[in-house]
Amino acid sequence: MCGIWAIFGSDVDVSTQWHNSLKIAHRGPDAFRVENVNHLKNCCMAFYHLAVVDDTFGIQPMRIHSLPHLWMIYNGEIYNYKLIQKQFDFDFETNSDGEAFLHLYNHGGIEFAAQRLDGVFAFVLLDTLKRKVYVGRDIFGVRPAFRLVEDGFLAVCSEAKGLLGLGQCSNDHCVDIQPFPPGHVETYSLDQGGKAKLEEVKRFHNIGDMPKYKTIAPALVDSISTNIRNLLDAAVKKRLMANRPIGCLLSGGLDSSLVTALVVKNAKEMGIKYKIRTFATGMLGSTDIKAARKVADFLGTEHHEVFFSEKEGVQALGDVITCLENYDIITVRAAVGMFLVSKYISEKTDTVVIFSGEGADELCQGYMYFHNAPSADDADVDSRRLLDVLYRYDVLRVDRTTARWGLEVRVPFLDHQFTSYYLTIDPQLRQPKDGIEKHLLRSAFENERLIPNDILWRRKEGFSDGVSSEKRSWHCVIKEFVAPRVNDEDLKNAPRTKCQSCGPDTVRKINSLIEA
């Protein structure tokens, strides 16, 4: 997890504009670098580094001696970089996974390169010979990117807040900042004055398409259950690529428990000596806390329980909304616990790489309303719709709440190979069965004894419900706090509030209410 920021075609002195990038410094607490480019004085790149792989040469903008005309900043992990090096006989100068991208681009172009990356990423690549800028993002948008384009000015940042105050944007008003679409690459040309012009937009992968790269995933067999187990196991294993301590967010639900069990299993097989740490959060009496404790005892992890009170949860709301850059009620409600547990991990441990179970409900039809789908095909269509917009909700939540505290999250359920295979399975088999959602996923692991059987078949419980206390739900706590403070007129005017990207007016109001 890192922070990237870049501007091209600026009419303002970039030596003053780069200070905007400091708004995302939390994403890379280990080191940072800011550079402008020779002969392109109105462009600038900034990078905030969280050192997980190759902390010696992983600092960016990345440049290598054999390709001195290429400048790249990216946030992400490329899991197949060693396979790429071997397949194409590339001569790597560093141990950084991102170097594979430079060689792939030089070998076959931008779309060729993006299609052959097994990983999660958001990147900006500058080719000074061709005077081209390329921007791209992974298929599910696991790694974030926002862009601002106006009158020859192009700006890209990991979070929208880093673009406020640039171009025609004032610090509290800019409706032109947009999330970069997942699975796409955009090509911009730079004229002699350094101004950027959009030339081409390409979708390099569609959700459900099989990958075009060589993979370490096992060969498919006739058994659907075996394939599900093998592919999810491989998705976890490849994500153990790290030089920093690894942990897991554990709610005691199916998704996080399976991921944690596979992390523990593979860590032992790979010879990782330390105990995997697990982290659960909730209020006193939380059902998630109890279930997670059972799983942690079963797996023998170093388990941490992070409790928060109603007051602590409410006090965090303003910071959470600023962190998320989002007002979706479910996203905000579910983010508070994750925000607080991430804060604990950052301040109380040296764990940096965090596994989580996001994506399983969308892929495996885990939401309760899937029981009411008119048909299997209708359920399949909605599952794909949810995956297509996941970057606006759960993926956004888990990225922002962990990155805010300098952590890197990994989500194996959104592995390209695993998701592509799962979506080829007969839609009827993927539907809820016998009144149980995610039945196919559960049954695939039924006889593996990876997690306790009652956890394997534990019914779906929303994250914000699972963290609730025995006395009353977290949903009710927030509702009671907000109801007397936000009136009908506030809601009526909400679509017209300033800064649709970040909403500082509303955030300031919430913070002032909390202080009062």
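Using N, Cα and C of the backbone, Cβ positions are placed for all residues, glycine too.
All annotation found in TrEMBL is predicted automatically rather than curated by experts.
Going by TrEMBL, these are the annotated features:
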{"type": "ACT_SITE", "residues": "C2", "note": "active site, for GATase activity"}
{"type": "BINDING", "residues": "D97", "note": "L-glutamine binding site"}
{"type": "BINDING", "residues": "L249, S356, G357", "note": "ATP binding site"}
{"type": "DOMAIN", "residues": "2-191", "note": "domain 'Glutamine amidotransferase type-2'"}
{"type": "SITE", "residues": "E358", "note": "site 'Important for beta-aspartyl-AMP intermediate formation'"}
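Cα to Cα, S356 (ATP binding site) and C2 (active site, for GATase activity) are separated by 18 Å. Distance from the CA of D97 (L-glutamine binding site) to the CA of C2 (active site, for GATase activity) is 14 Å. For the pair formed by E358 (site 'Important for beta-aspartyl-AMP intermediate formation') and L249 (ATP binding site), distance between Cα atoms is given as 10 Å, rounded to the nearest Å. A C-beta separation below 8 Å, combined with a sequence spacing of at least six in one chain, links G357 (ATP binding site) to L249, S251, G253, L254, D255, S256, S257, L258, V259, V411, F413. In this record, ATP is bound by L249, S356, G357; the longest C-alpha to C-alpha distance in that set is 8 Å. Across the residues of the domain 'Glutamine amidotransferase type-2' (2-191), the predicted structure has a mean pLDDT of 93.
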